[in-house]
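Taken straight from TrEMBL:
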type: DOMAIN; residues: 301-387; note: domain 'Ig-like'
type: DOMAIN; residues: 498-607; note: domain 'Ig-like'
type: DOMAIN; residues: 612-706; note: domain 'Fibronectin type-III'
type: DOMAIN; residues: 710-803; note: domain 'Fibronectin type-III'
type: DOMAIN; residues: 807-897; note: domain 'Ig-like'
type: DOMAIN; residues: 904-1000; note: domain 'Fibronectin type-III'
type: DOMAIN; residues: 1016-1104; note: domain 'Ig-like'
type: REGION; residues: 1-25; note: region 'Disordered'
Amino acid sequence: MGRKDSVWSLGEGQAPEDLDKPVDTPPLSSLLIERPQGGSITVGGDISFVAKVEAQDLLRKPTIKWFKGKWMDLASKTGKHLQLKETFDRRTKIHTFEMHIIKAKDNYAGNYRCEVTYKDKFDSCSFDLEVKGLLHCLSLRRHEDAGDLDFSGLLKHREPKQDETPEVDVWEILKSARPDQYEKIAFEYGITDLRGLLKRLKKTKKEEKKSEAFAKKLDPAYQVDKGGKIRLVVDLADPTVELKWYKNGQEIRPTPKFIFEQKGTQRIMVINNCGLNDDAAYSVAAGEEKCTTELFVKELPVKITKEIEAVKTTVNERIELACEVSEEGAQVKWCKNGVEVPTGPRSRYRVKSEGLKHWLIIDDASKEDTGTFSLMASGGTSEAKVQVELKPLKIIQDLQDMTVLLGQPLKMHCEIFPGNVPGRWYRNGQKTLGLCPSLCPPVFFILIKLSSHLFSCFDRNHRLEIVNSTIHDAGDYTFVPEGYSQSLCAKVHIVDPPRVHLESLNFPDNTVTIVAGNKLRVEIPISGEPAPRVVWMKGERVSADLGPWGDAQLVILDSGHRVRAETFSDHTSLTIDIAEKEDTGNYKIVLQNEAGEAGASIKVKVVDIPDPPEVPLVTEVGGDWCSMTWEPPIYDGGSPILGYFIERKKKQSSRWMRLNFDLNKETTFEPKKMIEGVPYEVRVFAVNAIGVSKPSEPSKAFVPLAVTSEPTMLVVDDVTDTTVTMKWRPPDTIGAAGLDGYLVEYCIEGSKKVTNKELTEKTKYTITGLPPEAKILVRVRAINAAGASTPRTLQHSILVKEVIEPPKIRIPRHLKQTYTRKVGEAVNLVIPFMGKPRPKVSWLKEGQTVDPTQVTIRNTDCDSIIFIRKAERKHSGKYDMKVEVENHVDTAIVDIQIVDLPGPPQCVKIDEVWGGNVALDWTPPKDNGNAAITGYTIQKADKKTMEWYTCIEHYHRTCITITELVVGNEYYFRIYSENMVGLSEGATQTKDSALIVKEGMCELLCYIDHDFKEPPKFTQPLINTFAIAGYNATLNCSVRANPRPKVIWMKNKIAIIDDPRYRMFSNQGVCTLEIRKPSPYDGGMYSCKAINDLGDALVECKLEVKGQFWLEGTW
């Protein structure tokens, strides 16, 4: 069979009956606002189909597909004859999708479909294309090219051959083929969309074959009530065919129950009085064909026609519960309190039924039969309450409560009416002790012996006797007559005097010895019934309330303390968790109950290590040794002191070192081999037979020390008429003790008296108060904690007489040229000089005496200081310094210049304007700020915005040409002057403006200036920010306004002013707040407010500062 190569032939190949069927699509939603409409054209004509989708609620472009027939996608078939186009109108927000068919051919006719999808939305539309003049065009264009849409023909470069074989319905072939043959058939007939083919085959319903024997078959199922009648009807296509009916596969014969009827072509089977056994599968066979059905028989519910009546009776009586139902032989169920009643052979309950009646019988009722009994049928339930009560009893003599000593007989007696009533004895409501049976004439007395219990019953009297009572015989006794509502109760209490059994402890002299720090637990057996009250006491004093065993102050509690007492049924215990020396003493125990009291006493002895010795005292210290002594401990722990251990450690260390391993019997010791200059501490341990005591408190820190060597290089530094100044260098060996100072001693030559005990820390010392022209001898000692070193003595004597030294001014290098300072700064000049005796210093300014109110001058022995707290320009000038010593003189000059900001330039004017250039000219400022003018800064501003921009800086001339100006703009200019201090505070602006005119224009048009003013408006708001403590954080926003607004930053609605933690920037409308190294306390609400003449605007954000531990995951 030939293959159809044209893509359009696939649409023709589909079954004709499928063209008119709707296309199976997902649920439709209204995406298409304009749907493509079908049309007709002649062969060779053009036609367009348009679909429109509204994108008002769509976030992206929807997906559109064009199909021919069921599944042929035309997106891959575009070319000369088929074009797809997409456009989007932003104003109306509508997507337009177009399909253009150019120079249509005969095989382009058929059904087309447009599908639009967007996410989970779907819309579809089908339309038809009719191509007219098929035969005529075929004859004219037989030898022409098959067309660009005939892709197979283009690939083979040959004319398509006329398919002479009759057309075949491909779908009929696919329906009857096996699934493994689908691909082969699709390839043979030119079908390329296998996925769409399989989907369509899956949806295609196979037609059912019509029956040849039955015109109408049985229904799939029938239902009838129990006892009713049902008709099963079939309609035969051939009335002559033989018909047979079957029930569960077995043929049905005519009977009064099953009646067969015939009415034209209908065959009827009637089933009378339907029962449960008629619930089955039925079938009817007509020749070779058969049809089946199922019959369901609905059983009617069994209803209760007569309810159960409530019953109230006493024990041992007969109970009958009766009920009537609506149907004989109905299945019912008897329940008690919702649980089905057992009706077996050994059950107390019997069930009986007769006709419509049903009975539940209890022959011998008991108290346990009280409850709610019910009968359950399929159509309802009947309930009734049954109450069984005990018979009344008359008590002539009740049981009496008794208290009996341990080992004594116990007798209990009661009398009831009527007599000869059997009963049971109970103790504590559980254990059955015995049974008193009823008397039978002529028996008048019954005696039963069970172990140590005697039970007797005589007419109306019942007795219980226990020969030798024990502890277990105590409790609540009850006598219960059988079948009666009352019972007789009494309490029996067995008592025994308390006793303490110390003989079982095996302690010598009842004394317990324990080492301090250990746990002591002494358990003493006791007896008594009821359990005696036990009181533990410590001490010797007697209390009258507790008899001869009482101690009113030292009663030991039974819980919650280190020393506590505990009492159990057969023993009592004394517990000391951590024994201490204060626990030593005599402990007494007192037992009391209602039968009497008893007591006993034990002794507890606590032995312990001794107390620590007293703080040791260091009496003497050497270079590497010391001598120490101490006092014995106050408490020896109950055992004699055997000796002592001594330890030492460095003060900065925590490691103690033992100095003796054999016990030291004495209370003195001499540690050795210590390091000089290192602080040490010592401590002492006391030892007895129990162990080693805790250490004593450490001694005061001491340092083994040695004196230093003698000072070196002792020389005379200065001599006056009454003083001598000595200087020296420190000792070569200072030692670990360091150096506390020096002691300078002197004596007048010929005298042995040493003078001066004053200590100095410097290596220079002046001896004052000396007689003129006397001769003295001088020596120096170094002093430290160990004492004084050997002295360093000057080898010759010193004559006390001053030597004249001419004056000499030492001008610092930076003052040899002009000293310059700005206005407002401080001036502090120090000028050293030399000369002896003390020179005389004087100052002049420009030949005049210096005004002390303007300039402060302070003179010392070796320098002179000029101080001006806040410099002014009038302080500028030359200062003359003069130093005199008797007839010797030295002079120097200091030039001071105080400078300030210059004034603005003068007479700024526009000389000439040509093209994009402007020539400016000006004169220097009148005030140069006491410093040379170093340059000028020129700025320009557009007349519309009046925002100033710098054209050039540090310009030295007084004329300039500004170039590259914008044509059509009008400019103003201003100029700042500059010296070494900075730019002038003000600027001089041109009075006139310079209009830049385009060359060749002869006439200037006047325009009304646009008003650019507008109130502040934030184009970028602040955003909430997280910051890390210790790292700078910034907040940014942008504002637009004209004129330029004033920006105010606020924290928690409080303005931020002059706070060094914050830096504020504003550039081209971008406002920035920098927070330097914020802390968690810097968090809060920050706001930025912009204000100008037209209004204001405000934006806010929240700043949260996290600690550094949040970032690093630790503190």
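Cβ atoms here come from the backbone N, Cα and C positions, even for glycine.
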Mean predicted confidence [pLDDT] for the domain 'Ig-like' (498-607):
79
Within the domain 'Fibronectin type-III' (904-1000), how many residues are helix, strand or coil going by DSSP?
0 helix, 53 strand, 44 coil
Could you give the number of helix, strand and coil residues in the domain 'Ig-like' (807-897) as assigned by DSSP?
6 helix, 54 strand, 31 coil
Within the domain 'Fibronectin type-III' (612-706), residues counted as helix, strand or coil by DSSP:
0 helix, 32 strand, 63 coil
When secondary structure is assigned with DSSP, how many helix, strand and coil residues does the domain 'Fibronectin type-III' (710-803) contain?
0 helix, 45 strand, 49 coil
Helix, strand, coil residue numbers for the domain 'Ig-like' (498-607) per DSSP?
12 helix, 58 strand, 40 coil
